[in-house]
Amino acid sequence: MIFHANPGVIDLGVNIDHVATLRNARGTVYPDPIRAALLAEQAGADLITLHLREDRRHIRDADVRALRPQLATRMNLECALTQEMLDIACEIRPQDVCLVPERREEVTTEGGLDVAGRFEQVKAACAQLAGAGIRVSLFIDADADQIAAAAACGAPVIELHTGRYADAHTPDEQALEFRRIADGVDAGQKHGLVVNAGHGLHYTNVQPIAALPGIKELNIGHAIVAHAVFAGWENAVREMKAIMVAARLGTRYPAAGAPA
């Protein structure tokens, strides 16, 4: 099944980290995350997201440098709040940098950045990145204090952490987490922020989040890489974008893998 989606309704950022994870598992040069990014653009991705972690467990410095001049859309570079990463970002100058919390022992990002608790450090980082012409996003929980702190430190964009929504064990728990995200979207907009969201979203839980009209962009990676094993990379990207757009427009698309 080939999917086509209208552009401009809601943006899809395709995260290519786990293409690099697959490459690094065998120490080979394939699969190439650069090729994955360019094919994702052709399939309808509105931007490419990649996380340069301090331990370089998937994306490497060379990947970021090689990809930056080749993208036709936007690069959204995720990185920790360290001077090393800020300096790398200011050297490469992606269109967007999303500051995220990072712990070496975690499998994946486990929560939002504590902007309120690290206010001066975050504010200084926002100023450094903005001075290099980079738009700053802060990956935070859907918490009123964190959203207010993000606005106060000068970040124009927030990305709301959807991991607790994605990991909810019961419908009631998921409904509660969804309400928190929806309230966070409203709070972000009241502060004049662009509101994005991401983490843990996949083909059967993305619809309610994508339907929220205040969300500009969703960043999704692992689910697309996993689905591509069966559906093919470009069609996996097309399918995710089509599901998101259908949710925003109030229409329906077949579930992943369902017949047309």
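Easy rule for this one: first residue shown is 1, then count along the chain.
Glycine is treated like the rest: Cβ placed from N, Cα and C.
Quick caveat, the model's predicted, so the values are computed rather than measured.
What Swiss-Prot records for H51, E78 is active site, proton acceptor. Residues or ranges marked as active site, proton donor by Swiss-Prot on the basis of sequence analysis: H199. Under the heading 3-amino-2-oxopropyl phosphate binding site, Swiss-Prot lists N15, R26, G200, G221, H222, citing sequence analysis as support. What Swiss-Prot lists as 1-deoxy-D-xylulose 5-phosphate binding site is D17, H18, R53, H58, T108. For E159, the entry in Swiss-Prot reads site 'Transition state stabilizer', with the evidence type sequence analysis.
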**Request:** Name the secondary structure element type, per DSSP in three states, that contains H222 (3-amino-2-oxopropyl phosphate binding site).
**Result:** helix
**Complete:** Cα of H18 (1-deoxy-D-xylulose 5-phosphate binding site) to Cα of E78 (active site, proton acceptor), in Å and rounded, measures 14
**Asked** Do you see any of the recorded positions H51, H58, H222 whose C-alpha is within 10 Å of the residue listed as 'active site, proton donor', and which ones?
**Response** H222
**Asked** Since the record lists H18, R26, H51, H58 as recorded positions, which of them has the fewest other Cβ atoms within 10 Å of its Cβ?
**Response** R26
**Fill in**
Within 10 A of the CB of G200 (3-amino-2-oxopropyl phosphate binding site), the number of other CB atoms across every chain shown is 19
**Message:** Please report the distance from the Cα of R26 (3-amino-2-oxopropyl phosphate binding site) to the Cα of D17 (1-deoxy-D-xylulose 5-phosphate binding site), rounded to the nearest angstrom.
**Reply:** 15
**Message:** I'd like to know which of the recorded positions N15, H51, E78, G221 sit within 10 A of H58 (1-deoxy-D-xylulose 5-phosphate binding site) at the Cα level.
**Reply:** H51
**Message:** Can you give me the Cα-Cα distance between E159 (site 'Transition state stabilizer') and D17 (1-deoxy-D-xylulose 5-phosphate binding site) in Å, rounded to a whole number?
**Reply:** 18
**C-alpha spacing of E78 (active site, proton acceptor) relative to H51 (active site, proton acceptor), in angstrom** = 4
**Request:** Report the nearest neighbour of D17 (1-deoxy-D-xylulose 5-phosphate binding site) in space among the recorded positions E78, G200, H222, comparing Cα positions.
**Result:** H222
